[in-house]
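Here's the structure, in structure tokens; my notes come after.
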Amino acid sequence: MCSSLKLGSSILYMLLIITIYLFSTTISSCHSEFTSQDYKDALKKSILFFEGQRSGRLPSSQRLTWRGDSGLSDGSSTTTYHVDLVGGYYDAGDNVKFGLPMAFTTTLLAWSVIEFGNNHLQEINNAKLAVRWATDYLLKAATATPDTLYVQVGDPNMDHRCWERPEDMDTPRNVYKVTPQNPGSDVAAETAAALAAASIVFKDSDPVYSNKLLKTAIKVFDFADRYKGAYSDTLGSVVCPFYCSYSGYHDELLWGASWLHRATSGGNDSSYLSYIQSNGHTLGADEDDYSFSWDDKRAGTKVLLSKGFFEQNIQEFQLYKSHSDNYICSLIPGSPNFQAQYTPGGLLYKGSESNLQYVTTSSFLMLTYAKYLNSHGATALCGTSTMITSDKLIALAKKQVDYILGDNPAKMSYMVGFGQKYPQHVHHRASSLPSLQAHPAHINCGDGFQYWYSSTSPNPNILVGAILGGPDNRDNFADDRNNYQQSEPATYINAPLVGSLAFFSSD
């Protein structure tokens with residue numbers, strides 16, 4: 001009797017073990033780790049996305065062939081100005097060229113190449129082409145007229161009333177600028193940062209172009225610093241609420257000086273080091289900020305300048321290392337300084353509109369700071385005694401990147417064209433309207449809204465690589481073209497992710 005019970009118990013036990021094994025195998029296959037090849041695929045697509053945002057005359061090498069030439073008379077079609085402002089990028093799902101987010105996008109793309117370009121050499125040339133498409137435009141905007149920086153093409157209020165392909169757009173292509181009388185230190189200093197960062201990218205491969213970028217960056221920064229003011233004070237009707245300078249311009253001045261310091265630190269020019277030492281406290285060196293975006297550069301500046309403390313032992317930069325620690329510690333659950341919010345699925349959550357922009361910038365800063373820490377055997381100090389290693393930063397950044405790529409409660413990739421399940425109704429004019437090849441006839445302003453914007457059909461053109469605004473604070477996502485807060489892509493969401501994906505794609 002006892003032996004039969006024992007035998008029965010053994011059989012039940014074996015069945016239980018088999019069941020657990022099968023269940024765990026199923027779970028692990030559902031939550032399988034992304035491979036190096038997966039990250040390489042995502043990296044390639046994250047860079048390809050920028051070709052879908054191009055304005056101007058497209059080259060024969062254009063890979064997203066459903067796009068066509070657009071904005072070919074930008075700058076010269078107005079009665080007020082006659083300058084060449086062809087090129088650059090549309091910021092998101094509309095057809096406006098906003099200078100502040102375009103410059104920030106360029107800075108972050110360049111920083112991605114600088115820090116992690118060697119991790120995946122196959123894609124480095126495409127990333128550099130994406131940087132150059134922007135800097136070619138920014139050079140025009142900065143040099144077309146003395147003491148002037150052109151900061152926007154297109155009236156966003158008129159543009160947003162229409163749902164048109166960029167190839168068809170007939171809304172006003174008004175040109176907006178900042179001058180000594182109507183300053184814009186924020187957009188000018190960010191433009192200087194973009195040009196300075198890009199000069200590092202091209203320093204070895206194209207020294208002549210690099211030198212041109214750096215010389216222009218110096219002039220634009222001097223313009224930003226000499227004529228102080230926020231661009232939204234004079235251009236508020238066309239930059240607000242879209243890209244208002246909510247944080248002011250101090251953060252951009254310190255950010256721009258920091259990039260010029262890095263771009264010139266190999267030579268005899270110590271003027272930007274002196275500028276940072278003299279003006280840093282006034283411009284926000286002592287302030288902690290816990291997000292990094294096209295508007296607020298403080299966290300990024302701290303991480304960027306911490307490198308000077310690590311590598312050159314610039315003692316005045318120890319302050320930036322301490323504030324970098326504060327920023328990093330704010331993201332780490334369980335640390336004394338922790339104050340971030342995460343969704344139940346583990347996604348960093350900052351706001352209901354385009355939340356993934358904060359996820360991609362934070363992940364990039366974590367990986368960049370981890371690189372600096374690891375290179376010098378250092379750790380981040382949280383509170384008085386909690387040490388955070390570079391491995392912990394890398395693990396948290398990986399969790400964020402993996403969530404974007406599909407390891408999340410919805411099992412959905414928020415990168416268009418990556419994985420088996422991704423959003424189909426992207427809030428993006430060019431992607432949601434039929435291409436010129438499919439529909440050669442002009443699609444006017446109202447017809448786009450009537451026949452395509454409200455359609456429940458998937459977008460006819462796949463905007464490969466686009467990262468959308470993403471899910472809400474409960475991991476919910478509405479794949480709805482009308483829901484721009486969640487379904488609209490933007491260049492500044494993708495730019496820092498390029499660096500993160502390059503890091504994880506290395507073998």
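Cβ coordinates are placed from backbone N, Cα and C, and glycine is handled just like the others.
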In TrEMBL, of the candidate ranges 7-24, 187-204, the one given as transmembrane segment runs 7-24
Near the Cβ of D479 (active site), how many other Cβ atoms are there if near means within 10 Å?
17
What number of additional C-beta atoms lies within 10 angstroms of the C-beta atom of H427 (active site)?
24
Around E488 (active site), how many other CB atoms lie within 10 A of its CB?
21
Spatial separation of H427 (active site) from E488 (active site) - C-alpha basis, Å
5
Nearest-integer angstrom distance between the alpha carbons (Cα) of D479 (active site) and H427 (active site)
9
